[in-house]
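Trainee: First, the structure itself, so that you have it in front of you.
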Amino acid sequence: MLKGEKVVLAYSGGLDTSVIIPWLKENYECEIIAVCVDVGQREDLRYIKDKALASGASKVYIEDVKEEFVKDYIFPTLKAGAIYEGKYLLGTSMARPLIAKKLVEIAHKEGAKAIAHGATGKGNDQVRFEVSIRALDPSIKIIAPWRIWELKSREDEIEYAKKKGIPIPVTKEKIYSVDSNLWHVSHEGGDLEDPWNEPKSDIYDIVTPPEKVSDKPEYVYIEFEKGIPVKVNGKTLSPVKLIEELNEIGGRNGVGIVDLVENRLVGMKSRGVYETPAGTLLYIAHRELEYLVLDKETMRFKELVAQKYADLVYNGLWFSPLKTALDAFIDETQKNVTGVVRLKLYKGNVINAGAKSPYSLYNEEFATFGKDEVYNQKDAEGFINLFGLSLKIRALMEMGRKDMDEAVGR
């Protein structure tokens, strides 16, 4: 048991973690150290601190890690081009290992024997938190109330919170599980659990629905250095400010809405509606620049790496040796990913409107259909003969077998 011991709680102030503080105190008789990791969630963190203390926490940490989140988690994933199942830009997945890292650091600082989290027993986050914590310190005990308590639904949690006098910002009539950070906002649960239901227009927090945006297109210029975005519209910005600026630009143009039924790590499908305006712009711009500067074989292999990288991040394996090794490969591919991309934004659409790089492998003189000295069109005949040789041999062999069959009357 943990009677009298310290337990570090990953605290968000939302429904799940709001009821965990009194529950832990009732069932473990322990001291609660609430830790809110600021990854850019759009909430009043002063209110969260007061709420945690009022709920029974003895101490509250609010850790601002936005800069670290962008530089050490978002940008490496962007450079990898990692997208889960073709749509999901991994907003929640990237934040969880960083949160776990801070929980472990504070547990060490406070001498806590255990870490608790509010992830459900059906979701991916329980895996991400616990695998990350164990990768960093396997001696720390982990408490996952959702897997052991008597509360079986969000409605049960609401009733428990009311009984304990804990204010919560949801009702039984409109229950969405919302996760937000600097990179994205995700919406799950409620009427979204039926994939036939279209998301209500008022669900969106940072993206204006495309049908409500201006009829005029807007252009945005994004500049990269070695795969890292550094400027927007010619202005150098810090990593955090750059994401915020692109969220504003993309959001007002209806960019970045994704509705996805995804395959969870734990084996079931779930539906999520995501808002990722800055991420959408950055992924498209980064890819357009790679088209210019990467050779064919590197680009094709990097596509395979991107898929594996996305799976590792989604599955909570951020601190795995393989992910570290893939980072080394990706960094090598990004040495020449420097240049400017111009994007045209119109009612939720993002259209490439130009790209340039000092390391571009595209040469207009080589690519032209006119006369040139580098490419001799007569050379194409020999290339075609060799390239298609295996098919030619196959056809000749089949013709020979057919003639033989006819000769023997088969």
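Cβ from N, Cα, C; glycine included.
The model shown is predicted, which means the values in this text are computed figures rather than measured ones.
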Trainee: Going by Swiss-Prot, Ala10, Tyr11, Ser12, Gly13, Gly14, Leu15, Asp16, Thr17, Ser18 bind ATP; tell me which of Gly111, Gly118, Gly121 is listed for that site too.
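Mentor: Swiss-Prot lists Ala10, Tyr11, Ser12, Gly13, Gly14, Leu15, Asp16, Thr17, Ser18 binding ATP, and from Gly111, Gly118, Gly121 it also lists Gly118.
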Trainee: Grab the L-citrulline binding residues from the record (Tyr88, Ser93, Asn124, Arg128, Ser177, Ser186, Glu262, Tyr274) and give me their largest CA-CA distance in Å.
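Mentor: Max span of the L-citrulline binding residues, Cα based, is 19 Å.
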Trainee: Judged by the number of other CB atoms within 10 angstroms, which among Tyr88, Tyr274 is the least packed of the binding-site residues?
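Mentor: Counting other Cβ atoms within 10 Å of each of the binding-site residues Tyr88, Tyr274, the minimum falls on Tyr88.
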Trainee: Cα-Cα separation of Ser186 (L-citrulline binding site) and Ser12 (ATP binding site), in Å?
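Mentor: Checking the Cα atoms of Ser186 (L-citrulline binding site) and Ser12 (ATP binding site) gives a distance of 15 Å.
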Trainee: Which chain neighbours of the L-aspartate site, leaving out Thr120, Asn124, Asp125, have a Cβ atom within 8 Å of the mean position of the site's Cβ atoms?
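Mentor: Along the chain, the qualifying residues are Ala119, Lys122, Gly123, Gln126, Val127, Arg128, Val266.
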Trainee: About how far apart, in whole Å, are the alpha carbons (Cα) of Asp125 (L-aspartate binding site) and Asp16 (ATP binding site)?
Mentor: 13
Trainee: Which one of these binding-site residues, Asp16, Asp125, Glu262, has the sparsest Cβ neighbourhood, judged by other Cβ atoms within 10 angstroms?
Mentor: Glu262
Trainee: Tell me the Cα distance separating Ser18 (ATP binding site) from Arg128 (L-citrulline binding site), rounded to the nearest angstrom.
Mentor: 21
